[in-house]
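Asker: According to Swiss-Prot, the compositional bias 'Basic residues' annotation covers 47-60, 157-172. What Swiss-Prot records for 83-94 is compositional bias 'Basic and acidic residues'. Residues or ranges marked as compositional bias 'Polar residues' by Swiss-Prot: 102-114. Residues or ranges marked as N-linked glycosylation site in Swiss-Prot (evidence: sequence analysis): N38, N128, N358, N397, N419, N588, N607, N800, N1021. Annotation source Swiss-Prot lists region 'Disordered' at 1-182, 604-632, 1182-1203. Annotated transmembrane segment per Swiss-Prot: 228-248, 487-507, 1046-1066, 1080-1100, 1104-1124, in sequence order, evidence recorded as sequence analysis.
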Amino acid sequence: MSLPQRPGKASPRREDPYSSFRESSRRRHRTHESAHHNDSSAESPSGHRHHRHHRSRSSRRREDVDEERGEVGAGSRHKKTLSKPERSRVDQSHPHYHYRQKSQNMPTQPSTTGDEPLMGAEGEAETNSSQSMDYKGKDRVYVTEGNINQPLERLPNRRRIKKRRSSRKITRRAAAAERKRQEALEQVRAPSPWTTYCAIITFWAPDFILKCFGMPKKAQRSAWREKIGLISLILLVGAFVGFLTFGFTATVCGTPPTRLRINEVSSNYMIFHGKAYDLSHSTHPAAAGIPAGSNVLWDLPHKYGGQDGSFFFQEVNGACKNLITLADGSDVPTNSAGDLAWYFPCHAFNQDGSSKPNKTVDYYLGWACHTSGTARKTFYNLKSAGDVYFTWDDTKNTSRNLAVYDGDVLDLDLLEWFNASQVNWPSKFDELRENSKVRGVDLTYYLQTGQEKRIGQCLSQIIKVGSIDTDTVGCIASKVVLYVSLIFILSIVVVKFIFALLFQWFISARYAAPRTSMDSDSKTRNQQIEDWANDIYRPGPRMTDHSVVERGTKRASFLPTTSRFSSPYTVSNGGKQKYQYVTMASQNSTTRLVPGAINSMYKQSHNSSGGSIGPDGSRHNVAASRSSLALPGQDSRYSTAMLESEAPGMGGYVHEGVIPQPPPEWQPYGFPLAHSLCLVTCYSEGEEGIRTTLDSIAMTDYPNSHKTILVICDGMIKGKGEEFSTPDIVLRMMKDPIIPKDEVQSFSYVAVATGSKRHNMAKVYAGFYDYGEDSIIPEERQQRVPMMVIVKSGTPAEANKSKPGNRGKRDSQIILMSFLQKVMFDERMTELEYEMFNGLWQVTGISPDFYEVILMVDADTKVFPDSLTHMIAAMVKDPEVMGLCGETKIANKKDSWVTMIQVFEYFISHHQAKAFESVFGGVTCLPGCFSMYRIKAPKGGQNYWVPILASPDVVEHYSENVVDTLHKKNLLLLGEDRYLSTLMLRTFPKRKQIFVPQAVCKTQVPDKFMVLLSQRRRWINSTVHNLMELVLVRDLCGTFCFSMQFCIFIELIGTLVLPAAIAFTFYVVINSIVHKPVQVIPLVLLALILGLPGVLIVVTAHKFVYVLWMLIYLLSLPVWNFVLPTYSYWKFDDFSWGDTRQTSEGKDKGHEAGEGEFDSSKITMKRWRDFEKDRRLRMQMSGWGQAPGPGGYPTYQDPYGGH
């Protein structure tokens, strides 16, 4: 991106490639709006600034930065350097590209380095929402600066209609032109390497054949080819692992020859020159003292079996020529060339070296020396049975005089067999024989040059008795690879185990709430959780009251306790710096959310309806309900208009039963309270499941003044076997609506879909949770919890079609995420989002920008009473935590064998995998059934907040509607929950995603194998593709092998080779049983991998029953590691939800591409401010209004008696 500009610097030139995005066409078209917005933003005050500065402060900070960096002159530029992340080029692959694009249209620019935001150049501040206000002169409807209550002018109806029609025509033309441009690009765009590979690997299946097999669409054929390409890669990885496991040693080491250890050669063999020969079936021709056909091993008077007969076939006249010469008067035959017939007397000796020199002559001179050509040829044709080897310990035997040369073992005592009357030998031979220091030593280095080398070679030819026990280079390499792999795998297994224990014992307690309404004894609480988790419909245990206001002693100090170097996140406490938790409410502690003194209601239980308002609302009047209107720290973008007037059902009206906000210092659980949204996404769930889910959320011990239930129904769906549709079921669980349910209208919004389905409509219902007449929760324990229901009803065009309004769970999440982004950035919003804004205001009395965290729960999940408190405590205690999850327990453990095999799998995935990842703050999968995300986080100076879940980069990528590749479909259609976790880590790799074991929920898992098969198909495929995304993120914790990126890579490879791994495991076990010797190392490794989780159970679970669940899991390993992955890989191109979610119309076939064209002119988008002005205009025309008080604001009435 372009570098931050100094005051007075000229605008970047068009030819500057680093400034291209600043001069985009979108920005040039809005140039005339920049100055206009700058004026208004400069005049509007801001209480708690999310990411906004005052002009004067920004200018001062910018000048300070220049001075600190030693740069002189307004026109100086920073030099580009690789050491500054904020100076890197920001293109669409940058993790904060969209955030930069959004924030450049605001008065400040963001920082990704931890510094406070830096101001951009003058004239850079503008807003996306200004496009809806492109009016000039006298006919302009609204003004963007000043008081919004000033008289308003309207355009004539004819002009407005004409302008609207013109806008629709322009939109249609632009869409058609864009579609044609995309089609042209598709035709000329070169295929990617991956597409080319898939086409090559599937050349044998042309398109016309695939069409015959039920793939008429190009997208289907493309997905099938990509599937085959992925399967081929999986097979290659599996083959590589198999080769490394079994084939590498055989390839580089080969089949080792048969080797016989010295002193263990049996009497069936004779040894010649260090090799053993099997002579048990041999016969000897007739010779002196040897009858014809006799066996030399047993038939002769002297038994030669097991002896060394090297002197029978001596190697002469080779390297020893001219070293060993004929003595004077010798009887050894020789020729004219000086060749000798033998060197030693031709006698055998014992293999253990115990024979004494024998210089006698039997029968005749040269008897048994085998000097004839026939004898030599017969010997050379013999095949040796194997080498005779010595270990290094054998060479150090004190009873023998052994040395080693070039791998050959030499018996120096055999030099005593020389007959001085027959031959002469070098004196070096005697020196070596008499030197005790050479015993058991390798003489190769000592005898390596010149004459000494000849001596060593000569000795190897005449006194070699065997070979040293050594491996080839290939065998050594294979052993190195084996042991390195063993150490590597063991290190991963052991480190994961140890770190999981460390997290359980020491780290996890830091994130938990100091106290909750549950029993403080951990054993008692664990037992309560286990009992509660055994039945899906069992309510949580009774809660105790811990609503004690936390106040610190505030003594005035004569000396200053802070300085300009003090952190805004710490407060002085007796000379020590104590960390101060930061929330939206705590930052406004000097001006409370609810004006007035602390009332006695805060001393009562916050979850008791009697302390705040009765179930019928009788204890609250209108004045009290408006107590939350005066939000001194609230952003002026919203607060000004809200305080102006209160038309029933619109933005200014607050429900009479709204729950008063406690003062910020009220900390019932030892940490500042943060406002939370509890998102429950529904599809086809039944009444009983939804009821228990909402009951569990409503009955959590977290104060109901700081939690709001938000239910989103994904279409007009009726579950299988249900009497009512899911929206009707949910609406029957809401009471005291702001607007009567039959009067609620549908509003448009931009859905996550393609074609005409991109336009969708939804209804917004706001009220309070209704426990029902037959509730199992006693009335005195029922809390009054704000509730909002969004029903995606669909457009009129799809009213008669199947599942109107259904766009998927991701679309439901995007409705909320996009809304929060637009609230935080003050962007244009749809009519649906405006109604959501008003609905939240009306039932809570606070602005939606006060919400900091979102709890995401599926409609079939039940939450333990203190789980929400523990999760929010972790968020408040550590601002770096951007996401977390709790433990999911199985409620139907004993329903069938299918549920039984899942119990331990759930346990180990949390307490080992997620616990290990939490140590580094990089949990790769936050399950969508029970997780929490941070909407925004404090950063930098006081009152500075940066978007996290509401970040444009997260929202933009998560709302991707063009899903045209196999990879994208597996990410966005099957595993959207896991992809959201991936997006968060990819966008904010330095922040944390953790596991909070104190937060617990329960759910029902599939009890039929086909349902489990369908569920795991989606999970495994999405896991593979999400790991492919995460393995490319290089900024995660750690470096090289000691990093989360490396752990993710290992996990990806491990997931891909699961079928091959279980096959190899069975092979090793069976091979160890059948063949000897037993392969010890693989068995030890297997025992450690499977046994350590059992130790983890004993240490962390404290219940023996989980050991039994582990044994059941081990018996089902073929299902987990072979059946499920193999089925999933073959179904890579199946994007339906299968048997997991069934409706009255049958199985869910997924969300296919929408037909037709998207007409954006049907969706009205304005800033909240503009919507509110429209409402006021309608109020003025209807003649309704409230008499303003002093200063133009309505008269404020203190609910606590103050004035």
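Glycine is treated like the rest: Cβ placed from N, Cα and C.
I'd like these features described in context: how deep, what's nearby, how far apart.
Answerer: If you draw a 10 Å sphere around the CB of N358 (N-linked glycosylation site), it holds 15 other CB atoms from the protein chains shown.
Counting every protein chain shown, the number of other Cβ atoms lying within 10 Å of the Cβ of N397 (N-linked glycosylation site) is 16.
Mapped onto three states, the DSSP output places N419 (N-linked glycosylation site) in coil. Around N419 (N-linked glycosylation site), the same-chain residues six or more apart in sequence whose CB sits under 8 Å from its CB are F344, P345, K359, listed in sequence order.
Counting only residues at least six positions away in the same chain, no Cβ atom sits under 8 Å from the Cβ of N800 (N-linked glycosylation site).
Within 10 Å of the Cβ of N1021 (N-linked glycosylation site) there are 27 other Cβ atoms, across all protein chains.
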Asker: What residues in the same chain, six or more past the boundaries of the transmembrane segment (1046-1066), come closer than 8 Å to it by Cβ-Cβ distance?
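Answerer: 233-234, 237-238, 241-242, 245-246, 492, 917, 924, 1020, 1023-1024, 1027-1028, 1030-1031, 1036, 1038, 1040, 1086, 1117-1118, 1120-1122, 1125-1126.
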Asker: Looking only at residues six or more beyond either end of the transmembrane segment (228-248), which have a C-beta under 8 A from one in the stretch?
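Answerer: Cβ under 8 Å, 6 or more out: 194, 197-198, 201-202, 205, 478, 481, 485, 966, 1053, 1056-1057, 1059-1061, 1064, 1129-1130, 1132.
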Asker: Would you mind reading off the Cα separation of N397 (N-linked glycosylation site) from N1021 (N-linked glycosylation site), to the nearest angstrom?
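Answerer: Checking the Cα atoms of N397 (N-linked glycosylation site) and N1021 (N-linked glycosylation site) gives a distance of 63 Å.
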Asker: Check the DSSP secondary structure of N1021 (N-linked glycosylation site), expressed as helix, strand or coil.
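Answerer: Where N1021 (N-linked glycosylation site) sits, the three-state DSSP reduction gives helix.
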